[in-house]
Amino acid sequence: MTTTATTTGQTVLDARGVTMRFGGLTAVRGVDLTVRSGEIVGLIGPNGAGKTTFFNCLTGLYTPTEGEVRYKDTVLPPTSYKVTAAGIARTFQNIRLFANMTVLENVLVGRHTRTKEGFWSAVLRGPGFHKAEAASRARATELLEFVGLAAKADHLARNLPYGEQRKLEIARALASEPGLLLLDEPTAGMNPQETRATEELVFAIRDQGIAVLVIEHDMRFIFNLCDRVAVLVQGEKLIEGDSATVQGDERVVAAYLGEPLENDPGAAEAAEVEAAEAHADTPHDTAAGKENDR
Amino acid sequence: MTTQTTTPKTPDTPAPGSPTGLIGIPAPLGRALATGGGALTVLSTFLAWTWTDAFPGDLTVYGYPGGLQVLVLIAGALTTLLGLASYGVKGLRWLVPAGADAALKFAALGAFATTWYTVIAISAQLGGVVNLEPGGYLAAAVTLIALLGALALPFERPEPDPFDPDDTGWDKARHRAAQNWATVKAALAGTTPRPRKPLPTWAEILVIVAVLALALTVFTYGIGTEYDELFVGFLITAGLGFTALHRTGLITHISELTARHQNTTVFGAFLAAALFPFTQTDDQYATIGVYILIFATVALGLNIVVGLAGLLDLGYVAFLGVGAYAASLVSGSPSSPFDVHFPFWAAVLVGAAASLVFGVLIGAPTLRLRGDYLAIVTLGFGEIFRITANNLDGTSGPDVTNGSNGIAGIPDLKILGFDFGTPHDIAGFTIGRFANYFFLMLLITAVVVLVFRRSGDSRIGRAWVAIREDETAALAMGINGFRVKLIAFAVGASLAGLAGTVQAHVTYTVTPEQYLFAGTTPPNSAFLLAAVVLGGMGTIGGPLLGAALLFLIPNKLQFLGDYQLFAFGVALVLLMRFRPEGLIPNRRRQLEFHEEADAPAALGKTGA
Ligand SMILES: Nc1ncnc2c1ncn2[C@@H]1O[C@H](COP(=O)(O)OP(=O)(O)OP(=O)(O)O)[C@@H](O)[C@H]1O
Ligand SMILES: [Mg+2]
C-alpha cells in the first residue's frame, strides 16, 4: 500500500483564479479551490455549470485561460501526462476505458508513470524487466481486489457491466498512486446498492491517505460523503462549506430550481422526488436531489 | 378467398420449434446423401475426367488422381469424415468439438466448388462438355448431391422480424433479402466448441508439430502449383477446407494449444519455415519464398505502427527503401559513389540506423497530428523519398543514388566465408542462392517477431495499445503520447530498414521504382497495409499470412494481367464488408466471453 493516513491539513490541491473561455463563452470564471490531504471535497452544480471543464483545467486536458493550479506547492504544467505523473489521477464522466484491453491490462496502463521499463528493456528482458513486470501485476491485482474486480481480470473492459466499468476506471486511476483523485460523476447510471458500495469505496480510498475531489448530482451521496462541498453555478463558485451550510443555503436551491423560493426548500425537493418516482418504472428509495445527468 | 392474415410469411418460414435445413430434404436423408456423396467424390477422383492431356495435370489416368483431382480428393475425404463424425461415429468425436453440421456444409461446398471449377475449366479450355470422361460427370454429380444433402441439415433459424405493413414494395424486397441473408448466415454459422480435454504435454506438443507440418505442406503445395487452374483450385479448397475445420471447433482448440505453448509454437514455426528450402528441388520457388519473407517481415514491422499503436502510415515502404539504399551504398557496388565495402553486420547497422534517423525526422513533426492528417503526411513523405532518390543522379542534384538506374551490381554477401551467391550442398540437398538468402531473411524475420512479441507484451506495448484505444484517456493515465508514438514509428522504421539491407542483396539492384505507394508488385505501401489489414491487425500470424497471399495471388494468376489491381480492390472491399477483423483476428477479440450479451456502451456524451 502507499502511505498511511497523512497528517490532515497539508494542502494537496490549490487552484487559484482558474478561468476557462471558449471563444465568447466563459465556462469557468475565477474559481479558487483547495483540497487538503485526508479530505473528501464535493463539487456540485446544475448541468453545464462548468464542473467537468474545471476538472479538465486541473488535469491539463485544457490550458486554463487564466489562473494556476498547484499540487503540493508546485505549479502544474498544463500537460495531461505530467499532471498524472505529479500525482493527480482522474476518472471521466463518460467512461473512457481502453475497451479492447483486458481489465488487468487497463490497470497496468495506469501503472505507466510509476514504472520505468522502456523499449530496450522490453526487448532484452533482463531480470530487472521481469521483476518490474511482476511487481506491476501484483499491484494491479491488489487494486482489482480492492475494487472487487479480481475475478474478472481477464475479461475485456468493454464486456463489463456499467457499474463495474466505473469501478475499473477508479482502479486504473489509483494505479498511478495519486495523492489526489478526481472523480467525475462516479455513480451516474448506478442503482442505489451500487451507489452505496461506491460510497464505501471512496471512504476506503480516503483512508489510504488519498484526497478526493468528486463531482456528483446525487445529493444524498455528496452530503453523506463530503467534508466540504463547493457549488459551481454558471462557471462561478457560489458558495463553499460543510454539508449543512450548503444544504441550508437558499441560493443553492434557487440555482438548481431556477427561481428563488420563499418556503422550505426541503418540501420542494420532496415534491420533486415524488414526481420523479412517478415517472420511473422501478421504485427506488428516496433518491434525494437531482440526478438528471444519466 | 380465405381471410388474409396480417402476419406476413416468407415462403419458407418453417413452423417454429422444428429446426429444418435450407433445402426441403428430410435431414436423415440429407446426412446420408452428404456422407455418401463425399465417399463417391473420393472414388470419382480415381477415374479419368477428360480424354486428353491438353488440360494440365494428368486427369486422364484411371486409378491415379492428378492435379486438381488431388484437391477434390482431399475435399471429398474431409466431407466423408465430417459426415461420419456427424453420425457420432466413435473415434471421430475429437474431430468435431463444435458439432459437424456447419463444417459439413463448408466441406461439401469445397468439394463441389473445386470439382465444378475443374469441370468448367476443362470444358471451356478444350471446347465443350464432350471433352469430359464419365469420371468427370460422376464427380460433378456426386459433389452436387453431397452439397444438396449437406444444405438439408437442420440449423437454428434466426427469429424473423415482422414486416412493417406500411413498407413500400422496395422496402419489403430489401427486408426479405436481409432476412434470407440472415437465414443463410445462420445455416453456416458455427457454435462454441465444448471445452478441450487436457492432454499430456508431450501429446499437445506432438499436435502442434503435426499442425505445423500440415501448414508447411499446404504452403509448399500452394507455392509449387504450376498452372493457374491448380492455384485457383488450391485457393478454393484451402479456403473452404479451412473454414470447415474452423466450424468444427478444431481450430479453436488448436489455438488454445498454441497459446499454452507459445514459445514452442514460435520456435517450431521457424523450424518449419527453415525446412521449406529442403522441400524444393531447384531454386525457382525459393525465390518466391524469399520475396514473400521480405514482404511479410516488412508488413510485420508495419503492424507495430498500425496494429499496435494505431498510426496509419501510408509511406512505410520508404523505410525499406532507405535501408536498401544505405546498404547498397556501402556494399562495394560499382555504381555506388562511395568506394567502400562494409562487412554485412556493419551494413545492417548502417541500414537500420539510416531508417531510424529518417523515421524520427518524419515522425517528429507529423506525430502531433491525429488520424487522417498523419496518413496524408506519411503518404507525402513516402513519395518524397522516391522522387528524391530519382533525382539524386548527378544532373538534377548531387550524384548519390544514380537516379532511375539505381544502384546496380550489388555483390553477393559473404559472411564468415559462406558465399551466398553460390549453391551449397547440405545433407544431400542443394541449397541455391535464393535459398541462402531465404535463411538469412528468416533470421531477420525472427528478429522482427521477437521485437513485436516482446515489446507488444510490456509497458511500452500497452502504452501503444492504450493510445490506439483512446488517446485522451491514455494521456490522462500519464502516457507521454508523442514520445510513445515516436518510439513506435522509429522501431517500425528500423525494422523495415533491417529488411531493406537484405533485400538490396537479394535483388542485385536498388531502384526508386521498387518503392512505390501502389504498384502491381509487392512490397509497396498500399500492399503492405493491405497485408496487415487482410491478415489481422495487431497479430503476428496475420501479416505473414496476408503477405503470403498478396504475393502469391498476383504471382500465380498471370491471367489477371491488367485487372490485377482492380480484382485486388474488389477483394479488399468485400473483405472489409464481411470480415473487417482480418483473416486472423486479434487475440483480444478471442477473449470476448460475452459476445452475444450486448456490452454496455459508454455514455454518448461529448466532452472529456
Ligand atoms: N471544448 C469545449 N468547447 C466549447 N464549449 C465547451 C467545451 N467544453 C465545455 N463547454 C461548455 O462549457 C459549459 C460547461 O460544460 P461542462 O461540461 O463543464 O458542464 P458540467 O458542469 O460538467 O455539466 P454536467 O453536469 O452536465 O456534466 C457548457 O456550456 C459546455 O457547453
Ligand atoms: Mg460534467
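Yeah, the Cβs are placed from backbone N, Cα and C, and that goes for glycine too.
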Quiz prompt | Matching range for TrEMBL feature annotation, transmembrane segment, among B:262-279, B:460-477 | solution = B:262-279
Quiz prompt | Residues of the parent chain within Cβ reach of the transmembrane segment (B:102-124), under 8 Å, 6 or more residues beyond its termini | solution = 34, 37-38, 41, 49-50, 55, 59, 68-69, 71-72, 75-76, 78-79, 82-83, 86, 96, 131-132, 136, 139-140, 143-144, 146-147, 149-151, 153, 155, 187-191, 229, 232-233, 236-237, 239-241, 243-248
Exercise. Decide whether the stretches the transmembrane segment (B:311-330) and the transmembrane segment (B:262-279) have at least 3 CB pairs under 8 angstroms, with pairs required to be 6 or more apart in sequence.
Key: no
Exercise. Determine whether the transmembrane segment (B:32-51) and the transmembrane segment (B:136-155) share at least three Cβ pairs under 8 Å, counting only pairs 6 or more apart in sequence.
Key: yes
Quiz item: In terms of Cβ proximity under 8 Å, which residues at least six beyond the ends of the transmembrane segment (B:136-155) contact it?
Solution: 19-27, 29-38, 40-41, 44-45, 47-50, 59, 72, 76, 79, 86, 101-102, 104-105, 107-109, 111-112, 115-116, 118-119, 122, 186-187, 189
